[in-house]
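K.L.:
According to TrEMBL, the protein has these features:
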DOMAIN    1-154  domain '2-C-methyl-D-erythritol 2,4-cyclodiphosphate synthase'
BINDING   ASP8, HIS10, HIS42  divalent metal cation binding site
BINDING   8-10, 34-35, 56-58, 61-65, 132-135, PHE139, ARG142  4-CDP-2-C-methyl-D-erythritol 2-phosphate binding site
SITE      HIS34  site 'Transition state stabilizer'
SITE      THR133  site 'Transition state stabilizer'
Amino acid sequence: MRIGYGFDVHAIAEGRALVLGGVHIPSPFGLEGHSDADVVLHAVMDALLGALALGDIGHHFPNTDDRYKDADSMELLCHVWRLVSERQYTLGNLDVMVLAEAPKIAPHIPQMRTGIAAVLQCQTDQVSLKATTMETLGFVGRKEGIAAQAVVLLQSKGEIS
Ligand SMILES: Nc1ccn([C@@H]2O[C@H](COP(=O)(O)O)[C@@H](O)[C@H]2O)c(=O)n1
Ligand SMILES: C[C@@]1(CO)OP(=O)(O)OP(=O)(O)OC[C@H]1O
């Protein structure tokens, strides 16, 4: 078994779409980024890469590379999952915490879980997503950015469960 941790933050930006966990969320603002700035999937990818000591997303998808300009992070997640899968690992479970003052994320969590579970070739109940505000404190509380943390457990296909 291997455990991995991921963290990401993106600044709030007017005039950008808000994409979190692969879901377009109606919002008067989006997030700044070279890609679609899906901070949730970025944290998930860093957790998966971290579990297998494969570096981070900046290493695999440099923000100096035009191929990743406005990239769909679900496609990046598919690539990361291939790296995990070809090393003979499956998902044990994934737990994600989204730190956002607004908008309300809870109504979109079922769709996020379904989409992420489909890519990670697992059941929806192996994928947990939760959200919290920062009670107006700090950069999240001032609505300057949204952050996400992810923890993942991978199981080697050779392991007896
Ligand atoms: N962006 C967010 C933040 C929170 N939620 C949900 O609201 C609940 C209460 O938030 P607290 O910050 O007071 O813990 C929380 O448990 C989430 O379910 C949300 O949907 N979107
Ligand atoms: C995903 C990449 C690549 O488009 O760009 P951003 O959307 O800026 O995201 P970040 O979290 O800074 O991570 C790595 C980047 O290389």
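Using the three backbone atoms N, Cα and C, a Cβ is placed for every residue, glycine included.
Note: TrEMBL annotation is automatic and uncurated.
Can you tell me where each of these features sits in the structure?
P.N.:
Every protein chain shown contributes to the tally, and the Cβ of HIS10 (divalent metal cation binding site) ends up with 20 other Cβ atoms within 10 Å. Under the three-state DSSP scheme, HIS10 (divalent metal cation binding site) falls in the strand class.
Within its own chain, HIS34 (4-CDP-2-C-methyl-D-erythritol 2-phosphate binding site) has ASN63, TYR68, LYS69, ASP70, ALA71 as residues 6 or more apart in sequence whose C-beta sits under 8 angstroms from its own.
Take the CB of THR133 (site 'Transition state stabilizer') and look out to 10 A: across all protein chains shown you find 15 other CB atoms.
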K.L.:
With the Cβ under 6 Å from ligand 1 as the test, give me the qualifying entries from the recorded positions HIS42, ILE57, THR133, ARG142.
P.N.:
THR133
K.L.:
Taking only the residues in the domain '2-C-methyl-D-erythritol 2,4-cyclodiphosphate synthase' (1-154), give me the average pLDDT of this model.
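P.N.:
Averaged over the domain '2-C-methyl-D-erythritol 2,4-cyclodiphosphate synthase' (1-154), per-residue pLDDT gives 98.
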K.L.:
Among the recorded positions HIS34, HIS42, ASP65, THR133, ARG142, name every one whose Cβ is found under 6 angstroms from ligand 2, counting any of its atoms.
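P.N.:
The ones that qualify, in sequence order, are HIS34, HIS42.
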K.L.:
Name the one residue among HIS10, HIS42, PRO62 whose Cα is closest in three-dimensional space to that of THR133 (site 'Transition state stabilizer'); these are the binding-site residues.
P.N.:
HIS10
K.L.:
Out of ASP8, ASP65, which of these binding-site residues shows the lowest number of other CB atoms within 10 Å of its CB?
P.N.:
ASP65
K.L.:
Rounded to an integer, what is the Cα-Cα distance in Å between HIS42 (divalent metal cation binding site) and ILE57 (4-CDP-2-C-methyl-D-erythritol 2-phosphate binding site)?
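P.N.:
ILE57 (4-CDP-2-C-methyl-D-erythritol 2-phosphate binding site) has its Cα 7 Å from the Cα of HIS42 (divalent metal cation binding site).
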